[in-house]
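Read the structure below first, then the notes.
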Amino acid sequence: MNYSALVLDIEGTVCPISFVKDTLFPYFVNKVPTVVNDIDQQNDTVKQILCQFKIDDKNELINHILGLVSNDIKDPILKQLQGYIWAEGYNSSEIKAPVYKDAIDLINRHNNVYIYSSGSVKAQKLLFGHVADTSDSTKSIDMQSQINGYFDINTSGAKIDSQSYINILKDIKMIDTPEKVLFLSDNPSELEAAKKAGLATGLAIREGNAVVPNVNDYTCYHDFTKLL
Ligand SMILES: [Mg+2]
């Protein structure tokens, strides 16, 4: 492979698009009642987060939090609580990130890999720190040392904005040779934005991904073995 750097999307590209919806969100929703009801036994971090909601009644607080989730409201306190509960889940091995084997191999073999996802850098690091071992499902592997940098919408901008990719090119010192950087994503709008910034692009086609109507416009990858 002749690319000097890889920039990888996460959901729908290196792991199933369903991971957030079918694993992370249900995990959070299941934990909320216990965390709120046992608030006295929780550590100061989680107490401080819950305090910010300013709701004393426990049932009311649980319903409020679950309401934010079901209505997909981007609440900063909710984000903090989710970050905390997911970190606990990863650290206790209850959650492991289902990164595809071919994506693990690609990341391991290329020495200049970056991640760009709308999920926060913190969440990205947790994910790559706890990747399900494809040969032993009871184990997880820490892939963080294989990744040179992480970008999200706060560090770089929206994923469908070509300026974001220019920002990343500058950060990874590839602004003069953008064609040597390959961006892989399942989202054609993101690929178009990256293409405009001069990057090479590839469309990830994975089970569960939205169907792309003009699929012939892209270099498609059902897995990344031919990139190895
Ligand atoms: Mg994606």
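Glycine too: its Cβ is placed from the backbone N, Cα and C atoms.
Quantities reported herein were computed from a predicted structural model and do not represent experimental measurements.
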Task: Same substrate site per TrEMBL - residue from LYS74, LYS79, LYS159, LYS170 joining SER117, SER118 - done: LYS159
Open item on the list: ASP9, GLU11 show up in TrEMBL as binding Mg(2+); which entry in ASP186, ASP217, ASP223 does that record put in the same site?
Closed with: ASP186
- [ ] Note the Cβ centroid of SER117, SER118, LYS159, the recorded substrate site, then list each other residue of that chain whose Cβ lies within 8 Å of it, in sequence.
- [x] ASP9, ILE10, TYR116, GLY119, ASP152, ILE153, GLU190
Open item on the list: Considering Cα atoms only, can you say which of ASP9, GLU11, ASP186 is the nearest neighbour of SER117 (substrate binding site) among these binding-site residues?
Closed with: ASP9
Open item on the list: With the Cβ atom as the reference point and anything under 6 Å counting, tell me which of the binding-site residues (ASP9, SER117, SER118, LYS159) are near ligand 1.
Closed with: ASP9
TODO: List, in sequence order, the residues of the same chain other than ASP9, GLU11, ASP186 whose Cβ lies within 8 Å of the centroid of the Cβ atoms of the recorded Mg(2+) site.
DONE: ILE10, GLY12, THR13, VAL14, ILE17, SER117, SER185, ASN187, ALA204, ASN209
